[in-house]
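Listed features, source TrEMBL:
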- 5-90: domain 'Inhibitor I9' (DOMAIN)
- Asp125: active site, charge relay system (ACT_SITE)
- 183-213: region 'Disordered' (REGION)
- 200-213: compositional bias 'Low complexity' (COMPBIAS)
- His201: active site, charge relay system (ACT_SITE)
- 361-442: domain 'PA' (DOMAIN)
- Ser531: active site, charge relay system (ACT_SITE)
- 646-750: domain 'Subtilisin-like protease fibronectin type-III' (DOMAIN)
Amino acid sequence: MKKKTYIIQLHPNTQAAKAFPSKLEWHLSFLQESVLGVQEEEGSSPSSRILYSYDSAMEGFSAQLTESEAETLKNLPEVVAVRPDHVLQVQTTYSYKFLGLNGPGSSNVWSKSRSGQGTIIGVLDTGVWPESPSFDDTGMPSIPSKWKGVCQQGESFTSSSCNRKLIGARFFIRGHRVANSPLESPNMPREYISARDSTGHGTHTASTAGGSSVSTASVLGNGAGVARGMAPGAHVAVYKVCWFNGCYSSDILAAIDVAIQDKVDVLSLSLGGFPIPLYDDTIAIGTFRATEHGIAVVCAAGNNGPITSSVANTAPWVSTVGAGTVDRKFPGVVRLANGKLLYGESLYPGKGLKKAERELEVVYVTGGDKGSEFCLRGSLPKETIQGKMVICDRGVNGRSEKGQAVKEAGGVAMILANTEINQEEDSVDVHLIPSTLIGYAESVILKGYVKDTVKPKARLIFGGTVIGRSRAPEVAQFSARGPSLANPSILKPDLIAPGVNIIAAWPQNLGPTGLPYDSRRVNFTVMSGTSMSCPHVSGITALIRSTYPNWSPAAIRSALMTTADLYDRRGKEIRDGNKPAGVFAIGAGHVNPVKAINPGLVYDIEPVDYIAYLCSIGFTRSDILAITHKNVSCGVILRRSPGFSLNYPSISVVFRGGKSKEMITRRVTNVGSPKSIYTVNVKAPKGVNVIVKPKRLVFSHVEQTLSYRVWFVLKKGSKGEKVGANFADGQLTWVNSRDLMQRVRSPISVTLKNH
C-alpha cells in the first residue's frame, strides 16, 4: 500500500518513554509489527521509515505510514495527534535608510544596539550562498560561546563555508525527498543536496536580516549604494527546509527542533500558506516551544492579499509581518504615439534599450485557449509578434518568464499589465528584454488605445533610480489581510515592514531573474513579498535583543508594535490602495526601529499566559495539549483568572450574541525613565464608548508593572462602522507626560457578530 509522511505527536513525559534507552528507541517502537499489526515489506525496517525524531520543538516523530497504519497509531493512548505532512511555500539596499537605522547622533539604532552583536538569527528558508559578500565576516566578533550548532557538510558545502558571520548551516530534506521524484528537472537550476541555496530566496532573506555591509551593491547598475542587513553585527545561522517543490512541515519542525538546541536568539520564517487552526499548524506548535526557550519568532503574513482573512502564521507567540513599500522607484514610462504617458516601473538594465526607446508597434494577443494574453511560452504567434512590443497580462506564469516567451516569439519589448486583482502594485523585475510594469488603471488606457488605433505604437523611457518623490510606506497589494480566520480574537498581522522591490544578496551562479536561461550574473537582485518584510523585522528584533538581552520575546514584539507608524514619510495616513489603511492591513502600523529601541512601556507575556488564553477562547484540553504540549485543566485555570485577557499589545474585541459591553485588562511594564507618568488618549471606534481606568499611570521605578482596564460599550442602537462585517477600529495611546514624543499605542479592532 502507498505510504505518506505523517507527523506523530506523543504525550510528553509519559512513563512509557522511560522504558527505552533513548527517545529514538521509544519512537521506533511505534513502528514495530506488533504495534501496527502489519508485516513489514522486505528492506523496510522501522528505522528506514522514520524521518525525524523530535525532541525540543515537539515530542514525537515523523514517519512513512499507510493510511491504515496512521489510523492505528491515532488510537494509541500515548499519541496526541497524527497529522499528514503539509507543504508550504516561501512568501516572496536601501530599506535600512528608509527605516532610519543610520540616523545621526542619539537616534542611531545601530550604535545603541551595537548592530546586533552577540545575537544569533536563525533563518528557515532555501539555504544560503556562503560566498556572497553579504556574509563576509571582516570585523565580526567571535562566535558566541553559547552556540551549539554546526556547519553541516554536503554537496558543494564544507565546514569552511561558515565563518564568524555565517556561523552555522544545516539542511533538512527527508520529508521533501519521500514526497517527490528526483530533484533534477530540465526546467530548473540544479538543486544542491546541502545548505547551499539553489533558488536565491534564502540568500536574499538571510542577508536582509543580518547581512554585512557591502559598499558596491546594485542590480546591474540600478539601486546602487551600500547594502546592509538590518542587524549587520548579528550572526546568522541557516536552516534549509525549502526545496523546488516547497517546504514540508516535517522538515520545518525538524529545523525548529534543532534551532532550539543550537541556541539561536531569533527565528525568521519567510514561509507559510493559507490560515489553518493552531492545533494543526506545525509552525505554531514548534514555535511555541521556541518561545518557551526565550527565542523570538518572526513570520511572514503571506502573499494572499488583498483577500480578507488571508493572513497566515497567526499564533499570538509569533510576530506576524505584512509588507509595505519604500520611496524608491525605478521609472519605466510608456509613451504612446498619441503623446499619452503611462507610468510604469522596471529594473531592466541591459542591451536593447535603444531599440525599445524608439517607437515600436504594440500588440495584444487575445482569444483562443493557449493563454496568449498571459504570454505563456509557446502561446505567441511569431508572425504577429516579430519585431514588436507585446502587452502581457499578469498571472499564471512568472513575470520575467513572460519576457522570455516574448523573446522566443521574436518580440523585442514587453509591457507587463496589471489586472484588476493586482491594481496598482508595482513589483519590479530585472527583465530579460526591455520591459516595464504598468498598473491596472494604465493597462485599461493602454488596451483601449490599442483596440481603437489602426497601428498603435509606443516607446519605453527608462528613468533609473528615483528616491523620495513618492508616498511611502503604502500597504502592498499582495500583503495578506486580517482578521484571522483561525484566531479572530488576536489582531493580525501585527505590523508591516518594507517588502516591495527589496534589493539583497543573490547566489553568484544565478541570473537576477532566477530563471535557468538567464545567463547574467549578479551579487544582488530585487524581490518582493512578505518574505522580504519578515527578515526586516527579524533583524530589528535582533537589534532589540542585543540592546535588552533579558527581554522576553513578547516584550520585544510589544516594543515593535506600540511604536509603529500610522503615517507615511509625508506625515499623511498610510494608504492601502486608494483608502487609508485599516488595522487588518497594517496591524499596529509600519515598523519604526528608531522608536522601538526606546519604547517606554512594554506589554509582557509569559508562556503560561498563552495557555490561559487558549482556554479563554474555548480550545479543548486535547487542542491545547497538541499546541503547547501541556496537559491542563481549563476549568481550574479560568477559575484562578476569571475574565482573563491576554496581555497583547493590540486590542481586539468581538461582541457576540447581542452583548453590548466587554471589558479587557492590560499590564504595562516601565522600561524607560524611573519616574514616569503616562496619560491615556483614546480614539474610540465609531459607535463605541471606551472607558479606561485609571487614566494616569504613575511609575516610581524601572521594571515596575501597572494594570489598567478598558470597557467597550456599544452606543444605543449602534452597529458600529460597517466596514466588512460590522467592524470599527480605533487607538489607545499612553503618552509620557514628561516626553510627549514617547507614545505607547495599541490599535483597537471591534467586531459585531449576530447583532
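Backbone N, Cα and C atoms are what each Cβ position is placed from, and that goes for glycine too.
Long-range neighbours of the compositional bias 'Low complexity' (200-213) within the same chain, counting only residues 6 or more positions beyond its ends whose Cβ lies under 8 Å from a Cβ of the stretch, are 90, 92-93, 95, 116, 121, 123, 125-129, 132-138, 140, 165-166, 226-232, 234-236, 238, 240, 242, 266, 268, 270, 502, 504-507, 510, 514, 525, 527, 531-532, 534-536, 538-539, 542. The average pLDDT for the domain 'Subtilisin-like protease fibronectin type-III' (646-750) in the predicted structure is 89. The two recorded residues, Ser531 (active site, charge relay system) and His201 (active site, charge relay system), have Cα atoms 8 Å apart. Remark: secondary structure over the domain 'PA' (361-442) totals 20 helix, 19 strand, 43 coil, with classes taken from DSSP. Under a cutoff of 8 A between CB atoms, and with a sequence separation of 6+ in the same chain, the neighbours of Asp125 (active site, charge relay system) are Val90, His201, Gly202, Thr205, Ala206, Val238, Tyr239, Lys240, Val241, Cys242, Ser268, Ser270, Leu271. Of all Cβ atoms in the shown protein chains, 25 besides its own fall within 10 Å of the Cβ of His201 (active site, charge relay system).
With a 10 A radius on its CB, Ser531 (active site, charge relay system) counts 30 other CB atoms from all the protein chains. Helix first, then strand, then coil: DSSP counts for the domain 'Subtilisin-like protease fibronectin type-III' (646-750) stand at 0 helix, 62 strand, 43 coil. Note on the domain 'Inhibitor I9' (5-90): DSSP counts are 28 helix, 27 strand, 31 coil.
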